[in-house]
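K.L.:
According to TrEMBL, the record shows the following:
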type: BINDING; residues: A:His68, A:Asp79, A:His174; note: Zn(2+) 1 binding site
type: BINDING; residues: A:Asp79, A:Glu114, A:His362; note: Zn(2+) 2 binding site
type: DOMAIN; residues: A:195-291; note: domain 'Peptidase M20 dimerisation'
Protein chains: 2
Amino acid sequence: MDLAKIGATEKGGVCRLALTQLDKEARDLIVRWATELGCTVRIDKIGNIVARRPGTNPELSPVMTGSHIDTQPTGGKFDGNYGVLAGLEVLRTLNDHGLRTIAPVEVVVWTSEEGSRFVPVMMGSGVASGAFSLEYALSREDSDQISVEDALKSIGYQGCVEPSYSPKAYFEAHIEQGPVLETAACTVGVVTGALGQRWYNVKVQGQEAHAGPTPMNLRRDALLVAADLVKGVNQIATGSSTNARGTVGCMSVFPNSRNVIPGQVAMTVDLRADSAELLDLLDTQFRKLCSECELPVEVEQVVHFAPQPFDSFLVDSVRRKSADLGYPSMDLLSGAGHDAVYLASVAPTAMIFVPCEGGISHNEIENASPKDLEAGANVLLQMIIEAAAVDDA
Amino acid sequence: MDLAKIGATEKGGVCRLALTQLDKEARDLIVRWATELGCTVRIDKIGNIVARRPGTNPELSPVMTGSHIDTQPTGGKFDGNYGVLAGLEVLRTLNDHGLRTIAPVEVVVWTSEEGSRFVPVMMGSGVASGAFSLEYALSREDSDQISVEDALKSIGYQGCVEPSYSPKAYFEAHIEQGPVLETAACTVGVVTGALGQRWYNVKVQGQEAHAGPTPMNLRRDALLVAADLVKGVNQIATGSSTNARGTVGCMSVFPNSRNVIPGQVAMTVDLRADSAELLDLLDTQFRKLCSECELPVEVEQVVHFAPQPFDSFLVDSVRRKSADLGYPSMDLLSGAGHDAVYLASVAPTAMIFVPCEGGISHNEIENASPKDLEAGANVLLQMIIEAAAVDDA
């Protein structure tokens, strides 16, 4: 709640875009809390913050946990922030109990996860896992042509450490951002992996014409074809698998005049699936749908993330720890991207989901109960104790 | 072509919004041409310009013809302008042949037909026919809060004549603004009346949610319901009659983000039909469609024009004159609103349509052939000669 004061909105949410002055204030607070817990803090060249609690064997790779503290423009208090604060709470608990771990434990704040100000999304973890280069990330610009590098420098968070990571294990606690756990009355989501994603820009080309004098049979109505695509995308996903998603999120109509038949529609399509085969099938069906329309439809794929399974041993461990602690849990897939999805390509990775109210997130009314947040942190604590191993010496 | 230079756009169209400096320049040109033809010109309180060629019996009501010279922001050279210039050409031809008519002949420029700057549309003819009051019209404001009255004064076109009209007959020549005549290879459209119109604002209320974590079966996707409505509106009109129209012209999606399931969609619906019974049926079917949606749908009717048949004697006369002159003609309905539709409530009225290229209008590429435009003017000449009666004395 203290962190959520920085960038707090009237409706109870948070607006704290990446690498702004508010992001700096929030980063300063995390660094202060970590330092007070006895951690050393380092900043890498893309601005990721790593707070380290030493292990008894400094030669070992660290066990890492964390998430992000940038938000959507009308974001909530919990998305990302919970994962960072749960990590700090684990360190505090280890301190309170005087537990020393053999491997070091690190809590990380990844730079610019949301993509609201800079794209690509998940920038800090993307560089950390080698998904794209540091130079590429630093040169990205916001809508005011301010580069990531300039923004990092202006808030004093471009460090000199190389952004290269290969932890022993990576964990991330996060609100679910969907309604599944709440609907099933489960406290912990055992995340078996992340859906793959294909994003497209789609354009339907018709002919604008006056809505009155143009008979129905002589029309080339771009919105009518776009409506077929909206329904088709939904049907492709609904008919394929419970682990498929199909969404049209953006649509713009030209000329968008009450008495003019739309001549052009631009829209986005977002397809997701839990296996590469299913994602390819959705892609094929979607492209077939577009090619069979009565008007020309242009399709451009703009994003492709392969499905990413998490480490099966660690996933099973989350399942067992939840049961040991008495929390009802269920397996689910992450439909959204997370820093953990990138980390999974360089380290054994698992995520712990907790319910959020009504499944609502990326919204100022985003909410989660203290009880559920505590449960997720307790599972995280047990995962870290297991992975970093308590030194009984 | 000279008139089209005033407000000419790079793409060959015209941008000459009502009551702007460009409208003033165009009005000045029309007044000059009318004066050169020997007309007296009067301006009424809503800025309608009336050029009068006297008849031999000054007691008789005039025969009127005309249209408008304001355009859409990306409008063409012909919409409206053709009707005014065809009227002046008729006067020129009467002069050239030394013909005197018994009734006066008046050519009128109606103020602000397009509705691009001020609403309601067809303002000058709306006041002239008593559809709404002068005071109401004068107090309308554009998006910069400039009132019609102030705009009229600033270009010097608020006259002192009462805007009250009851001509012996009213004719209006106009491009079709649709593809029917071109498709049927007809030169003259015999307009039997105008479709009635009902316009609606529609809002679909869903629940925005993250496109990844939200399974298909737990969604409340406003755009999916909106797509059903787009298809339904089309089907209602297509299935009813060749004289029915159903169009969704505007759509805006909230929050309009690529990876967020749309929580709200606002859209417009435009229904048209040639009889009050059919228009009521479309309305009933449309409201039933909305009430059966899986999400709440708000429907607000914002415009209602009853279908307006034109004068059957005059319509038949247009048919016969076209045949006499050897022009292939066909009956059709005006799908769009025109000043003539208002005039039809106060005087026997007919319209003469000529083809426009590709049926395209409200567009900078709007075009019509000199041959077709001449044909329409010739029919108009014969109609005016018949109605105003040549004085052989």
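Note: Cβ is positioned from N, Cα and C throughout, glycine not excepted.
Unlike curated records, TrEMBL annotations are generated automatically.
Show me how these features fit into the structure around them.
P.N.:
Within 10 Å of the C-beta of A:Asp79 (Zn(2+) 1 binding site) we count 30 further C-beta atoms, all protein chains included.
Mapped onto three states, the DSSP output places A:His362 (Zn(2+) 2 binding site) in coil.
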K.L.:
Could you tally the C-beta atoms, other than its own, that fall within 10 angstroms of the C-beta of A:His68 (Zn(2+) 1 binding site)?
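P.N.:
Its Cβ shell of radius 10 Å holds 28 other Cβ atoms.
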K.L.:
So which of these binding-site residues, A:His68, A:Asp79, A:Glu114, A:His174, get their C-beta under 8 angstroms from chain B?
P.N.:
none
K.L.:
In whole Å, how far is A:His362 (Zn(2+) 2 binding site) from A:Asp79 (Zn(2+) 1 binding site) when you measure between their Cα atoms?
P.N.:
8
K.L.:
State which of the following binding-site residues has the fewest other Cβ atoms within 10 Å around its Cβ: A:His174, A:His362.
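P.N.:
Least crowded of the binding-site residues A:His174, A:His362, by Cβ count within 10 Å, is A:His362.
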K.L.:
Summarise the model's confidence over the domain 'Peptidase M20 dimerisation' (A:195-291) as a mean pLDDT value.
P.N.:
95
K.L.:
What is the number of other Cβ atoms found within 10 Å of the Cβ of A:Glu114 (Zn(2+) 2 binding site)?
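P.N.:
The answer is 22 other Cβ atoms.
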K.L.:
Secondary structure at A:Asp79 (Zn(2+) 1 binding site) (DSSP, helix/strand/coil)?
P.N.:
coil
